[in-house]
Amino acid sequence: MAAAAPPPNPVPVAYQAWTSAAVPDWLNKGDNAWQLISATLVGLQSMPGLVILYGSIVKKKWAVNSAFMALYAFSAVVICWVSWAYKMSFGDKLLPFWGKADLALGQKFLIKQAALPETTHYHHDGSVETPMVNPYFPMASMVWFQCVFAAIAVILLAGSVLGRMNIKAWMMFVPLWLTFSYTVGAFSLWGGGFLFHWGVMDYSGGYVIHLSSGIAGLTATYWVGPRSAKDRERFPPNNVLLTLAGAGLLWMGWAGFNGGDPYTANIDASMAILNTNICAATSLLVWTWLDVLFFKKPSVVGAVQGMITGLVCITPGAGLVQGWAAIIMGILSGSVPWFTMMVVHKRWSLLQKIDDTLGVFHTHAVAGYLGGILTGLFAEPELCALFLPVTNSRGGVYGRSGRVQIAKQLAGGAFIIGWNIVVTSIICVVIGLVMPLRMPDEQLLIGDDAVHGEEAYALWGDGELYDSTKHEAYTDDTSLHPRLAATSGATQIV
């Protein structure tokens, strides 16, 4: 009697393993596709998102330089990341807060299943509480996904020193800060370092990226020095519409920023993306209404700032909090950084002396730390169980161990703040021994043409002599243009 034919495989062939040598049994095609899409979305936040935003939100004479600082940082981080920085962030432990530097370029390493070797979590008796993080996609996807996070952290930092940092000093600063600052935060909180195992919550970079870049940016501004007096008095965006375009890329790209961090296309990613948009929209509206209430007019730049603070604030808890909590976080992220930027900054003499060009301290450091603390308050136990290695994790409003979580969040943020102040200061001092951190006065006066030999806009025709009777004159000197005097009222760049 002939043997019965085996039942047909219910899984479509496109989703089966071993359909080719490039599809091993551990590969989940959906997870891999989502991870690569998420990485691309985050990459687009920088290139071209922040390149456009920086190039358009600054004064015309700094458009090229500001955009180029972002472009250069993105490229430099990619090479440093695969050469040594990835393993320092997600490799084998060297110190409780640092991994061992090594290449992430070899074929055997990149095509195997992704793994974060230091993430195995143990009970006090030594038994395994949570196994090592092993996503169902290759190491190549993990390396690239984490690379674009590292790149945007450095680019966000650049927003503090636009309009005066020596471009050659910036070219040295990028790899040094990536190596000695970013990798420490990434390993400590994500790669299996001491803060990760202690249970500090940072879902997608409120501390690793935003708090670190905001504090490092403020520190760098102290060492670099301020913009020219004329630029500090008046620094209008050269293209508000393009500022909105860059901001839009930043907002939509946040779907990959927060949606990609569960390392799988699961329900936690869906929660994270929805919460991200809820908080960002709420924060934008609150910031805008505060501008209207206190300055009698809504500011487009202010709305962008409110959008950013909402995105930053929800990031450490995007997949860990409920929708109602995301609204509360949006209300606070639209009001607390607004208050520190519009009131505290203008009244505190120390902040007045430190020239943070785009207010990165307020939009990223304040909003990031705020988000981390609120995550410790609102993290929902069931959602925590979907994501965190520490069992019974919960926010303060859910009782029991939740009160301890707030203290952990405060301590974790304090470590990131302290490390960035010290390390960024050391980096700036060392670079300052080699070359000036600040541009010479001639470059500060002229801008892009002196620094790069290029300008953003050809305001009149090719080869045509400028004739003030035919063309509307433009100059940064407001004494020659009373109608262009600095506006009053709505949110201004700090």
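For all residues, glycine too, the Cβ spot is worked out from N, Cα and C.
All annotation found in TrEMBL is predicted automatically rather than curated by experts.
Note that the coordinates shown come from a computational prediction; the quantities given were computed from them, not determined experimentally.
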With the ranges 9-28, 269-288 to choose from, which does TrEMBL describe as transmembrane segment? 269-288
Highest Cβ pair tally under 8 Å against the transmembrane segment (207-225), stretches 174-195, 237-257, 269-288, 300-318, 410-435, lands on 410-435
Would the transmembrane segment (237-257) count as touching the transmembrane segment (300-318), if touching means at least three Cβ pairs under 8 Å and pairs must be 6 or more apart in sequence? yes
Are the transmembrane segment (269-288) and the transmembrane segment (410-435) close, by which I mean at least 3 Cβ pairs under 8 Å that are 6+ residues apart in sequence? no
With contact taken as 3 or more Cβ pairs under 8 angstroms (pairs 6 or more apart in sequence), are the transmembrane segment (67-86) and the transmembrane segment (174-195) in contact? yes
